[in-house]
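S.K.: Please find one structure pasted underneath; my questions will follow.
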Amino acid sequence: MATAPFVSVSPFATSTPRSSPSISLLSPPRTIKFPTFYSNFLNDLSTTVSHAPSRAASILPRATAAPSSAVSSSTVFHGFCYVVGDNIDTDQIIPAEYLTLVPSNPSEYEKLGSHALVGLPSSYSTRFVESNEMKTKYSIIIAGDNFGCGSSREHAPVALGASGAVAVVAESYARIFFRNSVATGEIYPLESEIRICDECKTGDVVTIELADGRLINHTTGNEYKLKPIGDAGPVIQAGGIFAYARKTESLRMSFLVQANSPLGHDRYERIGSPSRSHRADPKEDKRTGSDKENRNCQIMH
């Protein structure tokens, strides 16, 4: 197997494994040019937290503890690219016969990655993952229009991430594939300003710079503008929707701990909590259990 090219990452980058979420966040399949993530979507992420099994990150270590602004401004992907055309559907990304593999099982997760893009037609003479190999040497996929169309299976972005790929640069995406990529945190779904799959060839050495929003093809010397990943970037960088929820919940709990400390007491009172001097003595509190619970909820918020 050929050795993968070097990777440049920020000082925040670590070898923390990415996670594979175990539930679906799905919406009806539809093709759009670039889905927009609204602020209320991200605000709701902290409401549910789940622990997902980890896997060893390949090509690019994830920076899971860095501020989102620092992460998005310094993430760089570098490697060989694999070029595909239009309307690459989820059956081509991962055929249905491999959907019995369970991503939460580490060994089956690796097997899932070894079958990524195995459903491509015979016109693709170069395999994305070589026979008898578990990982691909192509860390970046360049595609045409409507990438990820077809079924809503989350296995599609998971298989690409498990294979060692870190990003797809396409002319447009099927909405469900884009959403699943963000929810699982397995791969960056980036969109190009122009159609570049006709100007790149499989095996070209490319670099993606998220801060500058550009893709550089070192083989041809051409540069291409990429559209911003937007609010989806921090979710993917955190490792998916559950990792992002854990991160935001951790920050919220840290704030509450600081607020209840002697140094943070004044700050806590300023956001609407009753001071301790005005709280009723537990021995004198004659309210029902439900009333007490309501008061505790008000204090927490």
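Please read every residue number as a count from 1 along the shown chain.
Even glycines carry a Cβ here, placed using N, Cα and C.
Heads up, TrEMBL stuff is auto-annotated, nobody curated it.
So TrEMBL lists the following for this protein:
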- 278-295: compositional bias 'Basic and acidic residues' (COMPBIAS)
- 134-185: domain 'Aconitase A/isopropylmalate dehydratase small subunit swivel' (DOMAIN)
- 266-301: region 'Disordered' (REGION)
S.K.: Let me know the model's mean pLDDT on the domain 'Aconitase A/isopropylmalate dehydratase small subunit swivel' (134-185).
M.R.: 96
S.K.: With helix taken as DSSP H, G or I, strand as E or B and everything else coil, how many residues of the domain 'Aconitase A/isopropylmalate dehydratase small subunit swivel' (134-185) land in each class?
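M.R.: When I sort the residues of the domain 'Aconitase A/isopropylmalate dehydratase small subunit swivel' (134-185) into the three classes, I find 19 helix, 13 strand, 20 coil.
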